[in-house]
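Per TrEMBL, the features are as follows:
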| type | residues | note |
| --- | --- | --- |
| COMPBIAS | 451-460 | compositional bias 'Polar residues' |
| COMPBIAS | 619-648 | compositional bias 'Basic and acidic residues' |
| COMPBIAS | 654-674 | compositional bias 'Polar residues' |
| COMPBIAS | 681-690 | compositional bias 'Basic and acidic residues' |
| DOMAIN | 260-358 | domain 'PH' |
| DOMAIN | 483-619 | domain 'PID' |
| REGION | 380-413 | region 'Disordered' |
| REGION | 440-474 | region 'Disordered' |
| REGION | 619-690 | region 'Disordered' |
Amino acid sequence: QTRSLLGVFEEDAAAISNYINQLFQAMHRIYDAQNELSAATHLTSKLLKEYEKQRFPLGGDDEVMTSTLQQFAKVIDELSSCHAVLSTQLADAMMFPITQFKERDLKEILTLKEVFQIASNDHDAAITRYSRLSKRRENEKIKAEVTEDVYTSRKKQHQTMMHYFCALNTLQYKKKISLLEPLLGYMQAQISFFKMGSENLTEQLEEFLTNIGTSVQNVRREMDCEVENMQQTIEDLEVASDPLYLPDPDPTKFPAHRNLTRKAGYLNARNKTGLVSSSWERQFYFTQGGNLMSQARGDVAGGLVMDIDNCSVMAVDCEDRRYCFQITSFDGKKSSILQAESKKDYEEWICTINNISKQIYLSENPEEIAARVNQSALEAVTPSPSFQQRHESMRPAVQSRPPAARTSSTGSLGSDSAALSALSLDSLVAPDTPIQFDIISPVSEDLPGQAKSSGQSGRRTNPFGESGGSKPETEDSILHQLFIVRFLGSMEVKSDESPDVVYETMRQILAARAIHNVFRMTESHLLVTCDCLKLIDPQTQVTRLRFPLPNVVLYATHQENKRLFGFVLRTSGGRVESHQTSICYIFESNNEGEKICDSVGLAKQIAFHAELDRKASEKQKEIDRVKEKQQKELNKQKQIEKDLEEQSRLIAASSRSNQSSTEGQFVVLSSSQSEDSDLGEDGKKKRESE
């Protein structure tokens with residue numbers, strides 16, 4: 001809260017600095033213009049006085065002109081003197097206050113900010129060195145040096161912080177003075193300038209300026225009083241906070257509270273970076289109901305670390321660090337090792353989590369009930385040599401927990417619908433629409449109308465996400481980008497034409513999660529290809545859901561939280577048969593959602609160009625087929641013509657052969673007749689017999 005409030009004050013100081021710089025430039029232009037006017041007036045008077053010394057070839061001694069110009073020179077010289085006085089007054093009354101505020105007060109804020117940042121970094125470095133202290137006795141000298149370093153850095157940070165905060169508070173008063181004093185000086189200088197010409201015009205302005213001057217004096221006195229009070233508060237806090245600078249205070253003076261059901265503070269969390277290596281990260285942790293939350297510096301809100309209902313907590317020996325404890329979830333699948341800063345925080349965290357794990361916070365008098373179970377919390381403080389033994393002894397009985405896969409938000413959203421605009425509900429989101437908070441579809445379950453339309457409804461799906469010897473459908477895809485996402489929820493929407501649909505769906509799903517206390521999120525790998533979007537199980541690599549890319553008609557990121565993004569999927573079927581429905585899916589990513597949206601847009605562009613190329617190829621193939629058909633028809637026609645010509649030649653040849661044979665028969669017959677006439681009767685008989 002302090003850093004958030006400091007951010008607001010620093011943002012206000014930056015806005016003041018920006019505005020004052022612009023105002024300073026404007027006033028400096030007035031001052032420069034006044035100086036230029038004064039110099040120009042003086043130069044004009046000087047030139048008029050030197051007129052009589054000029055010798056013009058065509059001009060004679062004109063005493064009237066000379067005396068007239070001398071009179072003008074005298075008047076203008078008096079005006080020049082008045083302008084010079086006005087320039088001096090503007091420099092003293094207008095430019096000096098705003099220059100002092102700009103060069104002294106605003107730079108002081110920047111200097112204190114840098115000093116505070118350096119002190120904060122030194123404190124963080126000292127805390128890190130202190131956290132790495134060994135428990136061996138031979139390091140007592142090093143421990144004393146590191147403890148003194150933490151004391152010095154923490155004291156320096158606190159003192160620097162208080163002076164920085166004092167300067168930020170004082171800036172609010174100095175802002176008023178820096179705005180009013182230059183304007184007051186400017187108006188007084190102008191009035192004194194115009195008083196030489198008209199005394200009656202300044203009476204009302206003088207009364208107004210007198211009131212402004214009185215107000216400035218009142219603000220100055222109030223500022224002095226506030227600065228005195230803040231200085232006294234700083235002195236009191238320095239005296240009262242001196243024992244708190246020690247990182248590990250004396251337990252006898254500051255005993256641990258064992259009946260707490262809420263706790264907040266900084267802890268070091270161990271993160272595994274390899275099989276045997278690990279790193280520690282310092283974050284702010286706090287309990288919220290039955291959940292352990294963490295919030296990194298600069299984050300807007302905290303994130304869920306673990307559900308600590310029915311969990312087990314124990315003190316553990318962790319490497320060479322002190323004050324370590326381990327929290328294990330009720331099912332034993334998730335655990336986290338944390339390190340407290342002091343023994344007091346160490347015991348309070350263990351007792352608080354132990355009380356919350358027994359759901360004491362749900363009772364009417366949690367502190368009284370926590371006092372009864374204090375003995376078990378004290379036992380948890382003792383380190384256990386065996387994690388498995390401690391976990392089995394403190395693990396609660398197996399309870400049947402209702403699945404939180406699908407939760408309908410119809411009732412809650414309906415009760416809060418009066419607070420929403422009718423336009424956003426009726427035109428964007430379908431009424432009485434349930435919200436799905438988890439992915440319940442197995443790998444064999446496809447989207448409505450997806451498997452049947454592909455003609456593979458009867459094909460058996462491999463439960464291991466493989467397709468035997470067949471080639472994966474995304475193997476030939478140009479684009480393959482993988483993102484880690486967490487599924488927040490999905491719901492049916494009425495429109496898919498505006499990003500407001502995604503924003504409204506995000507708002508309703510986040511509100512429904514808060515109302516129903518739904519904190520679990522399913523983590524998946526989102527694979528973006530040129531054909532589809534796939535949600536893949538990170539453990540088994542099984543495809544949970546598949547979204548065809550042509551059906552993704554809209555995608556957008558949250559306007560403020562860039563880690564939230566969603567897309568609208570248009571599918572066939574739904575609550576009304578033979579009707580297209582639109583479902584909006586909302587996710588949270590580790591990276592910026594804009595990168596995922598850019599990847600989806602790139603995939604759609606690649607798919608669009610691929611579709612254009614495919615259509616162009618099909619069109620070219622169709623043209624080639626038409627040309628080939630035309631060529632075949634032409635070849636067939638030529639073959640027919642060739643056959644006809646061949647038949648014509650055969651007919652002509654046959655006719656010629658018939659004609660020649662007829663002529664031959666005629667010649668033989670004639671010769672035989674002539675022979676017969678020569679042979680006589682005996683010859684004819686012999687020939688006939690032959």
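For all residues, glycine too, the Cβ spot is worked out from N, Cα and C.
The predicted model assigns the domain 'PID' (483-619) a mean pLDDT of 83. Broken down by DSSP into helix, strand and coil, the compositional bias 'Basic and acidic residues' (619-648) contains 30 helix, 0 strand, 0 coil. In terms of DSSP helix, strand and coil, the domain 'PH' (260-358) has 15 helix, 46 strand, 38 coil.
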